[in-house]
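Listed in TrEMBL:
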DOMAIN    13-124  domain 'DNA mismatch repair protein MutS-like N-terminal'
DOMAIN    133-204  domain 'DNA mismatch repair protein MutS connector'
Amino acid sequence: MNESFDKDFSNHTPMMQQYLKLKAQHPEILLFYRMGDFYELFYDDAKRASQLLDISLTKRGASAGEPIPMAGIPHHAVENYLAKLVNQGESVAICEQIGDPATSKGPVERKVVRIVTPGTISDEALLQERQDNLLAAIWQDGKGYGYATLDISSGRFRLSEPADRETMAAELQRTNPAELLYAEDFAEMALIEGRRGLRRRPLWGV
């Protein structure tokens, strides 16, 4: 999803070094980076957000000798934009300013304080009415599948073990999860491709 960067970030400006280090901790999801009254997105995140949210894609100066693609949203409207993103299956890491600009030497200290994913939201403002909001996980071995769903808002948890591909496909269609976790060695990608909220995870211990 995102462009690759030199891991030492030494060619970048101090602010972009801070941003890239934070982004490296959340490479698979969008990062909202707080700057004053706005949350900014940079590089591939900016390009993706501009398409998903229909917001302007601009440029902010240069870092490492290259222009920086940028898109931004007002902080007071962030919940509206988060709702649009999670309804499209996107996850977002929200990075806030936690340092004091008056006493900071260099970039103001920032850290990710909240991660919003389609399957873990409980805020009524972000939930769609009359629709379950399920976090699901799928697993496969030579004997069949494992499938678990969790509704964060109600605490309802369900586990099933579909024996074959057709049954698993029907269960996915029936539950229609908002977010679907799968291991990086999951072999049946054709079964889940095109679904919203896909999140690949490291191998799970058994």
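Every residue, even glycine, has its Cβ placed from backbone N, Cα and C.
Where the annotation comes from TrEMBL, it is an automatic prediction and has not been curated.
Mean pLDDT of the predicted structure over the domain 'DNA mismatch repair protein MutS-like N-terminal' (13-124): 91. Residues in the domain 'DNA mismatch repair protein MutS-like N-terminal' (13-124) partition by DSSP class (helix H, G, I; strand E, B; coil) as 34 helix, 39 strand, 39 coil. Per DSSP, the secondary structure of the domain 'DNA mismatch repair protein MutS connector' (133-204) breaks down as 15 helix, 30 strand, 27 coil.
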